[in-house]
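Annotation comment: TrEMBL describes 36-63, 70-87, 102-123, 144-162, 182-202, 209-230, 236-255 as transmembrane segment.
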Amino acid sequence: MKRAMAPTQLTISLMVAYAILGFSSALDNLLFAWAYLYLPASTASLISASALPFTAIFAYFILGKKISAPTFNAIGVITAASAVLAIDSDADRPPGVSNSEYALGFILDVAASALHGLIFVLSERIFIKYVGRESVHVILEQQAIVSLIGFAFTTIGVIASADFSKMVSEAEVFSQGSVSYYMVLVWSAITIQVGLLGSVAVMYSASAVLAGVLNSVVVPVTTIAAVLSLQDPIDGFKILSLILTGWGFGSYIYGGYSRSQSSESVALSEPLIQETNIHLFPDARGSQYVSQTSS
């Protein structure tokens, strides 16, 4: 009979860590939502790819993870992709959005991406320092507690700003109808939770940086989907930014693959080294020579 998994004991330090993560998640969602007021979906998605280099940088300083040459290249290329979008702000700016509002949206999106990378690294830090990686139930524990705390902070803000009443009027004027409006809210909440749960699981089984890499996979998908379904504008600058983002992502993947191949080669060679026996035999003159034989 299998022994039931005991829940993790919630110490004061662990609760403080969860509270920080929950508040950071609520703030991160606010920054992203605020940025989307002034940016096209495709542009916002491309800028959010900067979460990957931020994750690698925070992992270096907080977790002591080394930044390899491919990772450094990915950081530079993805940063250049965001800079390309900043240069093309006039052609990409939605109707009715001023230059200052577009710039604010750009800054908020970068800030949200940086905070997103920090959240990933802090989540892995919790696994390392507090709850360990011995049982998978800690994945659900972290996700549930952090989400509840984030929900509490967000709800307080919505109540304070009287946004619940505004949601009713927004639903009434929604172009696809009020039912579609609420369906968007419900399915957004569900898919976000599923995505976050997957990210936490990756951080549990691998690392925050890998979670950031997998999170970046959605960038080209979201960008193309926004152009096709929402008729977002696309030009040479945005295509160049998309190519640079893919290049940076591919560079990181190549670096990870090269490291894994090197690790496998070392692991395969170790048994051969350990099985090598060294014997010393005296020669006729009383000196010694070394003879190596493998068992």
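Cβ from N, Cα, C; glycine included.
Bear in mind that TrEMBL entries carry predicted annotations, made automatically and left uncurated.
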Check: Counting only residues 6+ away from its ends, which parts of the chain sit with a Cβ under 8 Å from the transmembrane segment (36-63)?
Finding: 71, 74-75, 78-79, 81-82, 85, 92, 94, 97, 101-102, 104-106, 109-110, 112-114, 116-118, 120-122, 124-125, 128, 207-209, 211-213, 215-216, 218-219, 222-224, 226-227, 230, 232-234, 238, 241-242, 245, 248-249, 252
Check: For the transmembrane segment (182-202), what are the same-chain contacts with Cβ under 8 Å, counting residues 6+ beyond its ends?
Finding: 120, 123, 136, 139-140, 142-143, 147, 171, 210-211, 214-215
